[in-house]
Amino acid sequence: MQNITDSWFVQGMIKATSDAWLKGWDERNGGNLTLRLDEADIAPFSADFHEKPRYITLSQLMPLLANTPFIVTGSGKFFRNVQLDPAANLGVVKIDSDGAGYHILWGLTHDAVPTSELPAHFLSHCERIKATHGKDRVIMHCHATNLIALTYVLENNTALITRKLWEGSTECLVVFPDGVGILPWMVPGPDEIGQATAQEMQKHSLVLWPFHGVFGSGPTLNETFGLIDTAEKSAEVLVKIYSMGGMKQTITREELVALGKRFGVTPLASAVELY
């Protein structure tokens, strides 16, 4: 019988967290990752579940997520250590029937708990389920270096940051035509930043936390990692451009419109019309 640590979802979390650490996006215990599962994903591994699963009450009701299992990273856990001890650094949790709390079915050993950003994750999952008709299953938060750097030098508004990232790399408009949401600086952890993030997730698959990091959403771990990786690559290009004196030429408005038509995507209007 296969052990849960060999399952596609545990192995996927190991790869995503290891890759993110190697990218330099998740120093120490920075960053967190959650993947929405189906009952059929976890049912074959019930023999590996805790005999007496701990129950933790949520800070607010999440009826949309009732009876839904997730695999999550733990609070205070280092991404670089997930591959060394998955059961200590990851956990499979399942929301109860009324969305009031969850049981820790597997992992998070030694009384560990899920990430402190769980409210932001679960609220964002709710919005992305509605926005994508259930297709999006992953929420990833990391400290992508160049995206953070841009929040210090660009005006922090969605239209401008989206437009600059589109100009930084041709593929960006195709990968995130819905643009990049951005919050004001907020204290991480509490429900307030989670609610603000979820509100932006209604419209955008990427949301920046200024001077802190980025949230990304997608249908798979691979797609979500690639989404953030694409935006971060463009941000790196922009950081180099600004350090060399700024743009002398760039992708024009007309070219962005043509790009959207070629790939059948509708670019965020406020970013297209900015200049």
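Cβ coordinates are placed from backbone N, Cα and C, and glycine is handled just like the others.
The annotation active site is assigned in Swiss-Prot to GLU117 on the grounds of sequence analysis. The Zn(2+) binding site feature in Swiss-Prot is assigned to HIS141, HIS143, HIS212.
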Can you tell me which of the binding-site residues HIS141, HIS143, HIS212 is spatially closest to the residue listed as 'active site'? Compare CA atoms only.
HIS141
Under a three-state reading of DSSP, tell me whether HIS143 (Zn(2+) binding site) is helix, strand or coil.
coil
Look up HIS212 (Zn(2+) binding site) in the DSSP assignment and reduce it to helix, strand or coil.
coil
Report the residues of the chain - excluding HIS141, HIS143, HIS212 - with C-beta within 8 Å of the mean position of the site's C-beta atoms, for the recorded Zn(2+) site, in sequence order.
GLY30, GLY31, CYS142, ALA144, ILE148, PRO188, TRP209, GLY213, VAL214, PHE215
Taking the Cβ of GLU117 (active site) as the centre, count every other Cβ atom within 10 Å, in any protein chain shown.
26
